[in-house]
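Taken from Swiss-Prot, the feature active site applies to HIS305, HIS350, supported by sequence analysis. According to Swiss-Prot, the Ca(2+) 1 binding site annotation covers ASP147, ASN149, ASP151, LYS153, GLU158. Positions annotated as Ca(2+) 2 binding site by Swiss-Prot, on the basis of sequence analysis: ASP183, SER185, SER187, THR189, GLU194. Positions annotated as Ca(2+) 3 binding site by Swiss-Prot: ASN306, GLU335, ASP337, GLU384. Positions annotated as substrate binding site by Swiss-Prot, on the basis of similarity to another entry: LYS433, LYS435, SER559, ARG586. Under the heading Ca(2+) 4 binding site, Swiss-Prot lists ILE687, ASP689, ASN713. Taken from Swiss-Prot, the feature Ca(2+) 5 binding site applies to ASP742, TYR743, ASP744, supported by similarity to another entry. Summarising the annotation, Swiss-Prot assigns domain 'EF-hand 1' to 134-169. Among the features that Swiss-Prot reports, domain 'PI-PLC Y-box' is placed at 530-646, with the record citing sequence analysis. The region 'Substrate binding' annotation in Swiss-Prot covers 26-53. Feature annotation from Swiss-Prot assigns motif 'GBA' to 213-243. Under the heading motif 'PDZ-binding', Swiss-Prot lists 768-771.
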Amino acid sequence: MASLLQDRLTTDQDLLLMQEGMPMRKVRSKSWKKLRYFRLQNDGMTVWHARQARGSAKPSFSISDVETIRNGHDSELLRSLTEELPLEQGFTVVFHGRRSNLDLVANSVEEAQIWMRGLHLLVDLVTSMDHQERLDQWLSDWFQRGDKNQDGKMSFQEVQRLLHLMNVEMDQEYAFSLFQAADTSQSGTLEGEEFVEFYKALTKRAEVQELFESFSADGQKLTLLEFSDFLREEQKERDCTSELALELIDRYEPSDSGKLRHVLSMDGFLSYLCSKDGDIFNPACLPIYQDMTQPLNHYFICSSHNTYLVGDQLCGQSSVEGYIRALKRGCRCVEVDVWDGPSGEPVVYHGHTLTSRILFKDVVATVAQYAFQTSDYPVILSLETHCSWEQQQTMARHLTEILGEQLLSTTLDGVLPTQLPSPEELRRKILVKGKKLTLEEDLEYEEEEVEPGLEGEHESELALESQFETESEPEPQEQNLQIKDKKKVVTCPLFCPSICCQIVAQAPISKPGSLLLSQQKSKTILCPALSSLVIYLKSVSFRSFTHSKKHYHFYEISSFSETKAKRLIKEAGNEFVQHNTWQLSRVYPSGLRTDSSNYNPQELWNAGCQMVAMNMQTAGLEMDICDGHFRQNGGCGYVLKPDFLRDNQSSFHPERPISPFKAQTLLIQVISGQQLPKLNKTKEGSIVDPLVKVQIFGVRLDTARQETNYVENNGFNPYWGQTLCFRVLVPELAMLRFVVMDYDWKSRNDFIGQYTLPWSCMQQGYRHIHLLSKDGISLCPASIFVYICIREGLEGDES
């Protein structure tokens with residue numbers, strides 16, 4: 001069983017030198033720089049490091065976890081150490097998910113180039129592998145781990161230890177019989193290809209064999225006609241033709257003779273079921289398939305909150321890495337909190353906290369570099385400007401000079417249109433969202449009330465929440481950091497018909513016994529140079545839906561805290577839906593989420609809110625929903641809203657959905673699982689007891705969850721065979737989340753893997769669900785095998 005990488009590992013000069021090992025400095029901070037010896041392992045898939053050249057080594061990283069390699073000039077940390085460490089000798093290993101980057105500095109430019117070229121080559125080889133190649137590589141990795149003495153052979157004792165590592169509990173006599181059957185050389189050990197045969201016997205899938213034989217006349221093969229029947233009857237391929245069946249046979253049948261005879265063997269059938277064509281996610285939804293010519297407000301837009309933070313909201317690190325990660329995962333709206341910095345250079349950080357600071361110009365340069373690497377559709381810079389006049393001018397200069405032609409600085413046709421432009425019209429453009437001077441605005445005097453029902457404990461919570469919220473157009477009751485009695489708050493914005501705009505917010509007057517944390521007047525003077533860069537996305541305060549309809553325009557946008565947005569959905573859900581058919585809304589997390597936790601974005605999407613900003617640095621259920629939602633449509637960051645969320649006469653209310661909606665019933669038979677990993681390393685020696693939980697997220701009436709029983713001591717090939725039933729009123733807004741857990745009767749179940757997708761992207765029939773980690777990284781070959789059936793209308797379980 002030769003690894004797919006063996007040819008390159010034995011012929012490529014860079015990889016040969018990497019296998020010998022080299023000393024490099026591992027850099028974590030300005031004060032932590034340690035010499036370590038790094039070596040590529042013989043499997044070509046892992047890099048180990050040791051403190052000494054001949055010291056005991058431990059794993060550093062796996063090639064499959066690496067996203068890309070950057071040179072030293074692109075590293076914030078290495079750039080800050082140029083006086084000590086030459087940038088030309090440094091490089092950065094960037095990992096998938098949320099794992100911190102690894103900064104390394106070699107002893108010479110040549111050695112740095114060797115590692116950069118070699119790692120690039122290995123990453124390219126891994127990312128180009130298909131499912132079967134990944135499985136072969138996975139087997140090769142396990143063989144390497146099981147072969148303790150590295151003699152290229154595995155004794156039965158080594159196989160037994162390996163089975164335990166692979167989450168397999170098996171009768172010793174049965175395991176030995178499989179071992180003997182695979183040992184064709186009768187040497188008492190298994191070599192490469194013998195181990196493959198042992199694995200095939202171990203993973204023989206009776207449920208797939210039974211399905212195969214139910215459509216095969218002779219039980220040995222599927223003819224073109226039989227396979228066509230299977231695709232049409234079970235897989236619900238509406239446009240199934242003999243041409244489609246033949247194309248799939250050519251793609252997945254491993255034997256040349258089978259391809260010539262137009263038949264599919266059992267191995268080919270299993271290969272099809274495990275492929276992207278057999279995946280639960282419809283391949284037709286993977287590329288850009290939606291109409292991209294509608295106004296921006298007709299789309300859900302992937303959005304990030306406090307993008308510069310890679311940790312918590314109080315003491316976390318600010319880094320351009322936050323922008324890189326957000327943009328590369330398809331995020332199209334990023335937030336930039338800008339404050340006066342030293343030497344006349346604006347800085348970005350979470351104001352009034354201990355978060356670190358980065359230069360505004362570095363953020364802009366990062367956005368310019370990464371904005372369109374994943375998607376060509378427009379990026380929105382949500383500016384929260386707290387700078388002086390002078391530093392606002394500096395901001396405007398950086399935006400103009402660094403972004404150049406990428407920056408949208410005028411309307412597309414030079415005149416004010418009647419609706420927002422489309423993503424297609426704004427391809428590869430960067431838009432600025434922020435405050436804007438309007439000479440025509442009249443002097444207004446407004447009275448705004450603290451939200452009713454927020455007395456006492458809730459009022460105190462709201463006041464504390466406001467301490468950490470920095471939206472450019474905050475809600476009136478959240479403008480001042482205070483704990484106060486319910487009362488009116490008076491503000492008087494002054495719009496001067498000159499070159500600047502001065503907004504004066506009057507601090508509320510405290511009553512006896514109330515605690516004011518800040519009574520200073522807040523003044524913001526807006527610079528025309530910066531104001532002129534805001535074209536289609538002028539930030540305005542939200543007062544009421546009636547006020548917005550009467551006084552605001554389509555090119556204006558309001559921001560809502562999650563607290564207020566959820567309240568509006570409950571109290572005026574249909575008005576919110578109609579508001580979002582003609583104007584953009586941005587929702588941001590509560591200021592109480594100082595740990596950078598997230599809310600469920602689905603609740604806001606239900607009302608048509610376009611920009612639901614997430615703390616993307618924090619993994620969890622909420623980000624699974626967000627990632628799953630934007631996985632469709634090419635991962636471009638824009639998803640077209642359902643028609644009833646685009647119709648300005650819509651009667652839809654997310655809290656009380658009524659007809660006409662095409663309600664559906666979903667039947668899911670959870671059949672089996674394959675190669676489920678044991679992720680909780682603290683439970684050494686235990687084998688997982690897996691169960692599958694299925695969750696529906698959508699309108700409140702559709703939200704539901706069910707789970708299977710657990711299978712004891714089998715993470716390798718558990719079988720459930722259980723059917724779950726869900727009834728969904730508004731499938732257009734529904735998301736499905738499949739979660740595999742390790743049952744524990746003494747404590748909380750441990751997470752193993754998940755997969756989340758939109759209802760509209762789900763394929764019917766026999767499908768594999770390829771699991772992802774908490775960080776959204778593939779756990780290949782871990783999967784669950786299910787049967788999906790969708791029926792029109794609401795049916796009972798007996799159906």
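Backbone N, Cα and C atoms are what each Cβ position is placed from, and that goes for glycine too.
Beyond its flanks by at least six residues, the motif 'PDZ-binding' (768-771) meets 273-274, 278-280, 676, 738, 740, 752-755, 778-780, 782-786 of its own chain at Cβ-Cβ distances under 8 Å.
Annotation for the binding-site residues SER185, THR189, ASN306, ASN713: lowest Cβ count within 10 Å of the residue's own Cβ, SER185. The Ca(2+) 4 site, placed at the center of the C-beta atoms of ILE687, ASP689, ASN713, has further neighbours from the same chain whose C-beta lies within 8 angstroms: ASN167, GLU169, SER686, VAL688, PRO690, VAL711, GLU712, ASN714, GLY715. For the pair ASP689 (Ca(2+) 4 binding site) and GLU194 (Ca(2+) 2 binding site), the C-alpha distance works out to 29 angstrom. For the recorded site, GLU335 (Ca(2+) 3 binding site), the DSSP three-state label reads strand. Within 8 A of the CB centroid of the Ca(2+) 5 site residues ASP742, TYR743, ASP744, the other residues of that chain are VAL688, ASP689, PRO690, LEU691, TYR710, MET741, TRP745, ASN749, ASP750. Proximity of distant same-chain residues to the motif 'GBA' (213-243), defined by a Cβ-Cβ separation under 8 Å and at least 6 residues beyond the stretch ends, is recorded for 249, 258, 262-266, 269, 763-766.
Note on GLU335 (Ca(2+) 3 binding site): other Cβ atoms within 10 Å of its Cβ, all shown chains, come to 27.
Among the residues LYS433, LYS435, SER559, ARG586 said to bind substrate, no two Cα atoms are farther apart than 14 Å.
Each residue contributes its Cα atom, and for LYS153 (Ca(2+) 1 binding site) and TYR743 (Ca(2+) 5 binding site) these two points are 35 Å apart. Checked against ARG586 (substrate binding site), the recorded positions ASP183, HIS350, ILE687 differ in C-alpha distance, with HIS350 being the nearest.
Here the Cα atom of TYR743 (Ca(2+) 5 binding site) is found 10 Å from that of ASN713 (Ca(2+) 4 binding site).
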